[in-house]
Amino acid sequence: MDPGRSHIETIIESSTHKFILFDEPTEETIPYFKDLMKKNSCINIVRCCEINYDASLFEGVKIHELCFKDGNVPPKDIIERWLEILKQAFIENGKQKTTVGIHCIAGLGRTPLLVCIALIEDGMKPLQAVEFVRSKRKNAINSPQIKFLKEYKASKKAGCKIM
């Protein structure tokens, strides 16, 4: 493991999903992350950054590309694709809680932002989602992203789950 990286992985759970948030894998850390995905029955990884590693090294895991600019908020089409990935993963897992891996470069901006969106869709209030994620992953989510989340409206009726 790279000792300079302080946020290796964080697990956050909602009623329908378990999220594994992590830094971008490197040649040295891919074996660790492959093992982590296997131990958590994770067959979906969402990558929010540019391609910097060989995705084929994660055999048996589907890599979804949801890239958007670091420090920014996701465009509407990225949010829609994120929610569709979560819905599909839930269905493929027989409507049982399913595990989704998600990463950007440091795992502190884009990654926790998308997880907050999922938590809001799952019925959590926006600032509750931010506080919950930050309680698990220190320094996550910047001020413009928090402003975006405060104004974010779940696509479903209040209290409905991602499904």
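Cβ coordinates come from backbone N, Cα and C, glycine included.
For Cys49, the disulfide partner recorded in Swiss-Prot among Cys104, Cys116 is Cys104.
For Gly109 (phosphate binding site), the same-chain residues lying six or more positions away in sequence with a CB closer than 8 A to its CB are Asp70, Gly71, Ala140, Ile141, Asn142, Gln145. Here the binding-site residues are Ala106, Leu108; the one with the fewest Cβ atoms within 10 Å of its Cβ is Ala106. Using the Cβ center of Ile105, Ala106, Gly107, Leu108, Gly109, Arg110 for phosphate, the list of other same-chain residues with Cβ within 8 Å runs, in sequence order, Asp23, Cys48, Cys49, Asp70, His103, Cys104, Thr111, Pro112.
Fewest other C-beta atoms within 10 angstroms, among the recorded positions Cys49, Cys104, Arg110, are seen around Cys49. The CA atom of Ala106 (phosphate binding site) is located 10 Å away from the CA atom of Cys49 (disulfide bond).
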